[in-house]
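**Student:** Pasting a structure here, questions to come.
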Amino acid sequence: MEFKVIAEYFDKLEKISSRLQLTALLADLLSKSDKTIIDKVVYIIQGKLWPDFLGYPELGIGEKFLIKAISIATNTDENSVENLYKTIGDLGEVARRLKSKQQSTGILGFLGTTSKESLTVDEVYSTLSKVALTTGEGSRDLKIRLLAGLLKKADPLEAKFLVRFVEGRLRVGIGDATVLDAMAIAFGGGQSASEIIERAYNLRADLGNIAKIIVEKGIEALKTLKPQVGIPIRPMLAERLSNPEEILKKMGGNAIVDYKYDGERAQIHKKEDKIFIFSRRLENITSQYPDVVDYVSKYIEGKEFIIEGEIVAIDPESGEMRPFQELMHRKRKSDIYEAIKEYPVNVFLFDLMYYEDVDYTTKPLEARRKLLESIVKPNDYVKIAHHIQANNVEDLKSFFYRAISEGGEGVMVKAIGKDAIYQAGARGWLWIKLKRDYQSEMADTVDLVVVGGFYGKGKRGGKISSLLMAAYNPKTDSFESVCKVASGFSDEQLDELQKKLMEIKRDVKHPRVNSKMEPDIWVEPVYVAEIIGSEITISPLHTCCQDVVEKDAGLSIRFPRFIRWRDDKSPEDATTTDEILEMYNKQPKKKIESPAVDESV
């Protein structure tokens with residue numbers, strides 16, 4: 001299969017703003033792709049060489065070295081490449097222009113032909129894999145030579161998307177939900193297959209693997225798919241409520257209540273002597289927690305399992321729980337074993353999804369928890385999450401206050417009974433979180449996606465000082481604007497913000513973004529931030545839940561304030577539009593709706 005086919009589709013996809021058209025065009029590409037390499041095609045569409053959970057290196061070529069590779073491939077002076085980049089602001093477009101110029105002035109162009117050996121998807125994939133995996137002395141020069149070799153063979157359009165792929169900025173607006181829908185159309189005969197494919201993806205979060213199973217064994221093979229150790233399951237998510245009485249009522253008056261820890265959610269896989277740890281975002285974080293690997297090996301019985309829990313920082317002297325931020329030191333420190341001594345952790349387990357070749361996601365919580373409790377040996381490091389079974393509001397409240405006093409964020413209330421299965425990848429009422437009140441009218445913080453930025457005035461002039469934030473709508477796989485946040489940032493965070501946003505800046509609005517408000521710059525929906533506000537109000541300026549509460553108006557957060565970045569969350573893990581609506585409906589209503597803040601000033 002020629003790489004040119006993918007490049008031509010990417011070129012079309014980049015110009016489309018309708019998700020329906022995007023999905024249809026992507027389905028067309030998948031149906032025309034070589035079935036023997038369909039997994040590689042899917043990964044390339046996702047903008048990666050392999051799933052994040054494998055923990056393999058990324059391409060690791062910076063802007064400076066890309067410029068050098070383009071310079072070598074197009075026989076152009078490096079300064080000229082750099083100057084053109086400063087003018088255009090897109091290295092992919094720089095490569096396209098220089099290749100076009102080279103093509104028209106070269107001997108083949110002079111003879112009226114551009115015939116050359118075609119660049120194949122296999123060649124692109126294998127070469128870029130070498131680029132990513134090459135390490136050691138002289139590796140940087142080898143990476144540049146390998147990439148320059150690809151760019152030399154590429155035509156202008158191929159060069160454009162090769163460079164963008166290496167940069168991690170394909171800019172074609174494709175999310176996983178869009179790929180799932182396109183796969184249903186291309187391989188399953190239509191949207192009716194979406195549920196089957198989505199279920200399989202929730203159990204094995206590897207779209208390339210799912211596509212390969214479909215083309216080799218058919219859509220029916222997905223119906224019997226089980227979790228596989230080494231491929232993360234998409235985590236089950238909770239709804240939120242701030243009223244204990246209402247929560248217990250939702251649960252039918254009886255529930256298991258766990259501490260909600262202020263740590264890092266972790267999915268732990270074991271097969272024989274191999275242990276993997278995956279984050280909430282399904283990234284391989286095993287290298288950050290060699291101590292946890294050791295604890296699991298020693299204290300959890302079983303040859304093959306997938307369990308879930310929270311890794312929590314512990315004060316080495318008092319044994320008390322420390323906040324989530326303490327775990328960040330593990331990512332920053334070069335000496336992980338020194339970090340283990342300074343920032344020790346405990347693991348609090350709360351679920352079991354797979355054990356000794358049996359899929360437990362379809363079994364009720366009580367059965368899962370009973371087995372989990374039976375396989376944990378007595379020890380000081382890996383424990384079952386603190387929990388009670390509550391059948392009255394007083395017990396729920398008392399346990400909630402105890403969780404808060406011991407450093408937790410609140411509690412997770414979980415349904416029991418035969419229908420209380422593990423809903424992989426779904427947010428539902430089987431789990432409800434009750435978090436502490438932040439002494440504002442909003443009962444909880446929200447996690448929102450940055451989709452744009454605004455330049456400041458006065459001492460902040462010329463710098464991005466406020467952000468356009470959006471909630472995620474899983475039904476349309478889009479991000480709907482909900483507020484403009486300007487407070488809560490330190491000077492250091494504002495300085496860091498400039499660099500963050502300039503790296504993901506776009507010329508036009510991303511096709512997955514739905515916003516009436518026009519920021520000074522648009523950005524890729526990549527970063528997630530935790531936001532608090534005074535209340536949720538009706539706003540004609542924002543598109544979150546547009547026309548749901550009031551015609552021609554959406555919902556907005558009044559007086560929003562930045563709390564922290566949520567690097568542990570992907571954009572699709574952000575607070576959903578339905579959750580924003582639920583929070584709005586749960587607010588104490590005033591006789592007259594609070595006026596929306598005029599965020600245009």
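The backbone N, Cα and C atoms fix where each Cβ goes, glycine too.
Quick paste from Swiss-Prot:
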type	residues	note
BINDING	Asp258, Arg265, Arg280, Glu310, Phe350, Arg427, Lys433	ATP binding site
ACT_SITE	Lys260	active site, N6-AMP-lysine intermediate
**Student:** Could you check what DSSP calls Glu310 (ATP binding site) once collapsed to helix, strand or coil?
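**Tutor:** For Glu310 (ATP binding site) - judged by DSSP and reduced to three states - the answer is strand.
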**Student:** So if I draw a 10 Å sphere around the Cβ of Arg280 (ATP binding site), how many other Cβ atoms end up inside it?
**Tutor:** 20
**Student:** Return the count of C-beta atoms lying within 10 angstroms of the C-beta of Asp258 (ATP binding site), excluding that atom itself.
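**Tutor:** There are 25 such Cβ atoms around Asp258 (ATP binding site).
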**Student:** If you count Cβ atoms within 10 Å of the Cβ of Glu310 (ATP binding site), leaving out that atom itself, what do you get?
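**Tutor:** Taking every protein chain into account, the count is 23.
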**Student:** Let's check the environment of Arg265 (ATP binding site): how many other CB atoms sit within 10 Å of its CB?
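**Tutor:** A 10 Å sphere around the Cβ of Arg265 (ATP binding site) contains 17 other Cβ atoms.
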**Student:** Across the listed ATP-binding residues, Asp258, Arg265, Arg280, Glu310, Phe350, Arg427, Lys433, what is the farthest Cα to Cα distance, given in whole Å?
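**Tutor:** Farthest Cα pair among residues binding ATP: 18 Å.
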**Student:** List every residue in the same chain as Lys260 (active site, N6-AMP-lysine intermediate), at least 6 positions away in sequence, whose Cβ is under 8 Å from its Cβ.
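**Tutor:** Counting only residues 6 or more apart in sequence, the Cβ neighbours of Lys260 (active site, N6-AMP-lysine intermediate) under 8 Å are Ala403, Gly408, Glu409, Gly410, Val411, Met412, Lys433, Leu434, Lys435.
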**Student:** What's the number of neighbouring CB atoms sitting within 10 A of the CB on Phe350 (ATP binding site)?
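**Tutor:** So the Cβ neighbour count for Phe350 (ATP binding site) comes to 25.
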